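The next block holds one structure in the form of structure tokens; read it before the comments.
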Amino acid sequence: MNSVGEECTDMKREYDQCFNRWFAEKFLKGECSGDPCTELFRRYRDCVQKAIKDKDIPVDGVDFMGPSKSKTESDGSS
């Protein structure tokens with residue numbers, strides 16, 4: 001599946017491959033000491049957010065690609 005922004009598709013594939021490899025080779029074997037794909041995800045997320053803005057896709061009120069606030073901030077609990 002391609003990304004919302006054509007310029008983001010290669011980043012999406014790179015992140016998907018990294019995540020799937022980490023999930024299968026590390027996480028499922030109990031090695032949970034970090035996700036080596038974090039920076040790839042951030043770059044991909046930024047690209048998608050820019051593509052959405054450039055295409056004027058309305059996303060007001062929609063949380064996507066990771067929360068921007070911690071759970072305690074967003075639900076009002078402490």
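The backbone N, Cα and C atoms fix where each Cβ goes, glycine too.
For 1-52, the entry in Swiss-Prot reads coiled coil.
If you look up Swiss-Prot, you'll see 5-55 marked as domain 'CHCH', on the strength of sequence analysis.
Shown for the motif 'Cx9C motif 1' (8-18): DSSP residue counts in helix, strand and coil, namely 11 helix, 0 strand, 0 coil. Among the features that Swiss-Prot reports, motif 'Cx9C motif 1' is placed at 8-18.
Every protein chain considered, the tally of other Cβ atoms within 10 Å of the Cβ of Cys47 (disulfide bond) stands at 19. Look at Swiss-Prot and you will find Cys8-Cys47 (among others) tagged as disulfide bond, backed by sequence analysis.
Long-range C-beta contacts of Cys18 (disulfide bond), restricted to its own chain and to partners at least six residues apart, with a cutoff below 8 Å, comprise Pro36, Cys37, Leu40. The feature disulfide bond is assigned by Swiss-Prot to Cys18-Cys37 (among others).
Following the DSSP three-state reduction, the secondary structure of Phe27 (site 'Important for interaction with prelid3a') is helix. Non-local contacts of Phe27 (site 'Important for interaction with prelid3a') by the CB criterion (under 8 A, 6+ apart in sequence, same chain) are absent. Feature annotation from Swiss-Prot assigns site 'Important for interaction with prelid3a' to Phe27 (among others).
Tertiary proximity for the motif 'Cx9C motif 2' (37-47) is limited to same-chain residues at least six positions away from its ends with a CB under 8 Å from its CB atoms, namely 3, 5, 7-8, 11-12, 14-15, 18-19, 22, 65-66. If you look up Swiss-Prot, you'll see 37-47 marked as motif 'Cx9C motif 2', on the strength of sequence analysis.
For the recorded site, Phe41 (site 'Important for interaction with prelid3a'), the DSSP three-state label reads helix. Counting every protein chain shown, 16 other Cβ atoms lie within 10 Å of the Cβ of Phe41 (site 'Important for interaction with prelid3a'). Among the features that Swiss-Prot reports, site 'Important for interaction with prelid3a' is placed at Phe41 (among others).
Within the chain, the motif 'Cx9C motif 1' (8-18) has long-range Cβ neighbours (under 8 A, six or more residues past its boundaries) at 1-2, 36-37, 40-41, 43-44, 47-48, 51. A separation of roughly 10 Å, to the nearest angstrom, links the Cα atoms of Phe41 (site 'Important for interaction with prelid3a') and Cys47 (disulfide bond). Sequence-distant contacts of Cys8 (disulfide bond), defined by Cβ-Cβ distance under 8 angstroms and a gap of at least six in the same chain, are Tyr44, Cys47, Val48, Ala51.
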